[in-house]
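Feature annotations, courtesy of TrEMBL:
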{"type": "DOMAIN", "residues": "244-323", "note": "domain 'Potassium channel'"}
{"type": "TRANSMEM", "residues": "60-80", "note": "transmembrane segment"}
{"type": "TRANSMEM", "residues": "92-113", "note": "transmembrane segment"}
{"type": "TRANSMEM", "residues": "134-153", "note": "transmembrane segment"}
{"type": "TRANSMEM", "residues": "173-194", "note": "transmembrane segment"}
{"type": "TRANSMEM", "residues": "236-255", "note": "transmembrane segment"}
{"type": "TRANSMEM", "residues": "275-293", "note": "transmembrane segment"}
{"type": "TRANSMEM", "residues": "300-321", "note": "transmembrane segment"}
Amino acid sequence: MKGRMNSQGSKSNKRQLEMERLVERPEIGIATLSQMFKNYSQQLGGLEDGKITKLQYRKFLIIEQISFILNSLGLGLSILQYDLEFQEESWISIWLLWMILIFTILLLIITVFRYEQQMNWLKSRKQIYSNDKLWQTNLWYPMLTELAIYLIIPYPFLRGIRVYFYNYLQDATAYYHVNEILELFMLSRTLFLFRSLLTQTFWYGNRTQRVCNLYACDGNYMFVAKSLMRTTPYSAQFIALTSLILIFAQAVRISENPLTRNDPNNNNLGKYDNAVWNIIISITTVGYGDFYTRTDLGRFVIFIVCVLGIFVISVMVVTLITSLETSTLESHAITVLERIQFREQMINSASMVIMYSLKIVAELKKSNMTKFQFKQLILNLKYHLNEFKIIRRLYRNKQDVGNINEEITNQFSLLRSDFTGAIEKQKSIFIQNADIMNKLGLETKQIQL
């Protein structure tokens, strides 16, 4: 009896151990599978540490916002300083020049930090090797270009230096201050203001980079601009057009204002409202000719405006045409309404054919109708009969098109349902195979290999 009890106890213990193994093996398999997925996905660049990446990206956004503020302050002070420089004011202009220089130095430092932080962000996303330095990446060239553009500012030690030129339209000599020319080219900083604004939108960030990596495209600033043009085209174009008008109006004003020193009333583009009007009629390719540039710098600015105007107007036309295109459901609705319209016209034409037929029969019974009246009735009958045939043909064509569209839609819906059913069957088969392999103890061995 004791031997039987011991044998039964040993058998029950073996069964318990086997059950525990069967229960523990799926957990081991799931843990190993998740670890393998994490390792392989990190090697492929599709998975990164989310917390570290978000932290690096937030630091990058903060530095980008600081850069935007410093850049905006520098541009605003340069516009104020231009009027003082043109009027040759002394001490206020000098103080503004020093403030512009201080903000520019801070902007240069922040720009270097910005590219360093962008590199750290890309490193956290496994897009750059962790041991790479800034000069070993593709970021050093745009950084040097941006720093060089930021250095184009009016300087305190250049105040009062003039550059004379002869204007043949006025037959007189005019002059620029060197700082005025530098302030003209300083307006190119606005490009980086737009870049900073693009980084603050929904279409730029970790999520965008992750999705773009899945579809093998670049989530750069051009991608953000394309996304805005697709989602909010009219708002994006209005902001871009308004910004271009205001910026280039200031550029035209700086270029043409020296001529007002000789003749304040002759084609005065030194006034900002006149410059704005000149840019509006130039960027829209109208060109009334009531205001026009007379200096070489002004003509260079208008040349750029004309090129941008062609681009802006073309994009607006394409956007308008795209917005007027009908969707698939709208096309179905229009087709149905056209069929209803043709059916009503066909009913009217058929009623006119019947009316003229009865009228001819009635007049023939009376036998008091002239040949001319008979011909008129026959012509009217033929006209409405032809009209009925044409409308019936159009109605049938629309009906055929509608049936074809409905048939294609039905075929796609059937294919989608078949595809969904096949996926569900594959899932059930996969679950059954996984259960069988777990019971046989084969899954853990395959994963560990």
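Placement of Cβ uses the backbone N, Cα and C atoms for every residue, glycine included.
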Short question: which residues 6 or more past the ends of the transmembrane segment (236-255) have a Cβ under 8 Å from it?
-> 79, 82, 180, 183-184, 187, 190, 194, 225, 228-229, 269-272, 275-276, 278-280, 283, 293, 295, 297-298, 300-302, 304-305, 308, 312, 315-316, 319
Reported mean pLDDT - the domain 'Potassium channel' (244-323) | 89
Between the transmembrane segment (60-80) and the transmembrane segment (173-194), are there three or more C-beta pairs closer than 8 Å, counting only pairs 6 or more apart along the chain?
-> yes
Grab the same-chain neighbours of the transmembrane segment (300-321) for me: Cβ-Cβ under 8 Å, and only residues 6 or more beyond its ends, written as numbers and ranges.
-> 229, 233-234, 237, 240-241, 244, 248, 251-252, 255, 278-279, 282-285, 293
In terms of Cβ proximity under 8 Å, which residues at least six beyond the ends of the transmembrane segment (173-194) contact it?
-> 67-68, 71-72, 74-75, 78-79, 81-82, 85-86, 97, 146, 149-150, 152-155, 158-167, 243, 247, 250-251, 254-255, 257-259, 261-262, 295, 297
